[in-house]
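Visitor: I have a structure here, written as structure tokens, and I will follow up with some questions on it.
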């Protein structure tokens, strides 16, 4: 028995020595790299402090594509575990945009701020299996508070609106502004062109055909129907509040509203016109429209001018004054108790990490299936998403995060339009993005909160402009 105990003790001592030796090497490696010169590349001391924190904690190991890894990465077993962490970490969050913004003294994106805030608040990063070896990676309460204070400062400086109540200025979301500056004459033209079916090949389909302003800015179909009954490959996103998207279309292939407006008229399975010349030839026959157009655009009809006018009109398609916006502005009675609970659950369960900002989304491109692989079945070109634009492998199956404003009015959901209810959409997100299930009562509370995002659209009245 004594011999067994002695062998066990020797074995444990050996393990401890190996662990301490490896941890000591890792500490030396981490400490050395944290002092490298590029951490000091920003001209702003506060930015340098954040950059130093990210480097010291080793965030770039898993959240950038090309970090220098420690020597123990090549040990069998450790390599497989680290490869898994790196793959999941880089898929979930790319730190490069944050570093670039800090180095250039520019605002960090809201979606990135929201993600960093969540892992700081809930103390999920760095994970325990990482800090077990990387002692320098542990985050102290003081460091956590400093990062959260930096996030609050970024929000206050770059994102918070002046009419947000003081107690809500550090929320991961902001209210929709009451109006945006626009050119009234261009808006009038854009309104007419948005509803003009002559932009389509057979003069039967207008922009409003798939983006109805009396139906949540969508057509309510799984995918849209184009000229001649052609079936589109993807669900039509709402036109309301699209001005707040970082880029347009699910895959972000259009940088601006104007770029987006130029897509459907020439798309063979949407409006199917062969060229702008074909469209202009029809518009030229309308003397009233032509006169009105020349007053605003003396050079006359062109694809650029037509889409410029439509984009200007689309800037008016915003929906402020939802119950949630009123709450953000200080009306505590604007939300029910259930909706307030739902909003807290929305934040607790990471929803706001992607669905933040003014429209609770529209600011980043994310993959479906962070915690569990999503079964797409046969993958289509539309499913490929952002990769169609960037050609980057990391962007495969990523879509622009849809905004949640008026989401109760825009079923069916997701880019395939294959989820008919909000209840189903919430449960799918929880399962595949968060990796959990919630009691039905909690799901109901989140759905109730989502209903509070229904805003007010004031229809454009052309005769009053």
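Cβ atoms are placed via backbone N, Cα and C, with glycine included.
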Visitor: 351, 354, 355 bind heme c 3 according to Swiss-Prot; which of 387, 429 goes with them?
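Guide: Within the candidate list, Swiss-Prot flags 429.
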Visitor: Return the residue out of 125, 271 that Swiss-Prot annotates for the same heme c 1 site as 59, 62, 63.
Guide: 125
Visitor: So which range, 7-27, 28-48, gets flagged transmembrane segment in Swiss-Prot?
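Guide: Here Swiss-Prot associates transmembrane segment with the stretch 7-27.
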Visitor: If I take the Cα of residue 211 (heme c 2 binding site) as reference, which of the binding-site residues 59, 62, 63, 125 has the closest Cα?
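Guide: Among 59, 62, 63, 125, 63.
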Visitor: Could you say which of the binding-site residues 59, 207 has its Cβ with the most other Cβ atoms inside 10 Å?
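Guide: Highest number of other Cβ atoms within 10 Å: 207.
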Visitor: For the binding-site residues 125, 210, work out the Cβ neighbour count at 10 Å and name the residue with the minimum.
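Guide: Fewest other Cβ atoms within 10 Å, among the binding-site residues 125, 210, is found for 125.
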Visitor: Between the Cα atoms of residue 210 (heme c 2 binding site) and residue 62 (heme c 1 binding site), find the distance and write it as a whole number of Å.
Guide: 41
Visitor: So what pLDDT does the domain 'Cytochrome c 3' (337-454) average out to?
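Guide: Across the residues of the domain 'Cytochrome c 3' (337-454) the model's pLDDT averages 97 on the 0 to 100 scale.
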Visitor: Across all the protein chains here, work out how many other Cβ atoms are within 10 Å of the Cβ of residue 211 (heme c 2 binding site).
Guide: 23
Visitor: Write out how many residues of the domain 'Cytochrome c 1' (42-155) are helix, how many strand and how many coil, based on DSSP.
Guide: 78 helix, 0 strand, 36 coil
Visitor: Tell me the coarse DSSP state (helix, strand, coil) of residue 207 (heme c 2 binding site).
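Guide: Its secondary structure by DSSP: helix.
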